[in-house]
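Contents: one structure, followed by commentary.
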Amino acid sequence: MKLDDIRREYLYAGLSRKDLADDPIVQFKNWLQTAIDADLNADPTAMSLATVNAQGVPSQRIVLLKNLDPSGFVFYTNLGSRKAQNIAENANVSLHFAWLPMERQICVTGVAEKLSIAEATRYFLSRPHESQVAAWASQQSQGIGSRKLLEQAFEQMKNRFKQGEVPLPSFWGGYRVKPVTIEFWQGRANRLHDRFLYKKTDENWEIERLQP
């Protein structure tokens with residue numbers, strides 16, 4: 001397999017300082033809405049979440065952005081998962097959004113804080129019934145002997161909750177990543193990409209252009 005000749009040119013318009021909102025959350029929402037409107041045949045809310053455990057070993061996975069407010073970026077997960085265990089040991093995380101057909105990326109660094117039970121419950125009850133059941137059936141990140149065992153656990157929980165509301169599991173919840181830095185990347189010709197980094201100060205955000 002020869003990989004070194006695989007390359008493409010970036011053709012979209014660039015990004016200048018005057019195009020940027022002073023608040024990176026506003027700027028993020030603008031780009032996210034553009035990605036949604038573009039109908040990229042991919043989930044525009046998908047983000048790579050990178051965590052590091054107490055031994056300094058990194059791991060990452062794709063999760064979905066489920067809310068965004070001035071305080072940060074929200075996602076949900078099993079609280080016994082590897083990501084949750086990593087966050088308990090080291091709350092510093094990174095998020096990465098890649099909208100490659102638009103030649104855009106966003107990188108976020110920040111601190112993950114667990115959501116309240118009330119906030120997690122509100123979201124959990126809005127999920128499709130079978131997604132709620134699946135949350136009960138899976139002991140995320142734990143080993144299992146076969147797919148059949150997982151499907152059996154799902155059917156058992158499906159039968160358990162066939163009538164009435166599915167409650168929030170005690171082992172399921174969410175996190176809000178409170179951003180410290182947010183970088184916006186726009187591809188440009190000749191690899192002279194546009195990069196702007198927002199850095200949190202006491203009350204505002206500083207914006208700096210970075211070299212590609």
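The backbone N, Cα and C atoms fix where each Cβ goes, and this holds for glycine too.
Pulled from Swiss-Prot:
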- R7, R8, E9, Y10, K66, Y123, R127, S131, R191, L192, H193: substrate binding site (BINDING)
- 61-66, 76-77, 82-83, Q105, 140-141, W185, R195: FMN binding site (BINDING)
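Within 10 Å of the Cα of Y76 (FMN binding site), the following binding-site residues from the list E9, K66, R127, R191 place their own Cα: K66. For R61 (FMN binding site), the same-chain residues 6+ apart in sequence whose C-beta sits under 8 angstroms from its C-beta are S48, L49, K83. Rounded to a whole value, the Cα-Cα separation of E9 (substrate binding site) and L65 (FMN binding site) is 29 Å.
For R7 (substrate binding site), the nearest of the binding-site residues R82, Q105, S141, R195 in terms of C-alpha separation is Q105.
The Cα atom of R82 (FMN binding site) lies nearest to that of R127, taking the binding-site residues R127, R191, H193 as the candidates. For the pair L65 (FMN binding site) and R127 (substrate binding site), the Cα-Cα distance reads 14 Å.
Reduced to three states, the DSSP call for R191 (substrate binding site) is helix. For S141 (FMN binding site), the same-chain residues that are 6 or more apart in sequence and have a Cβ closer than 8 Å to its Cβ are N78, G80, S81, R82, Q85.
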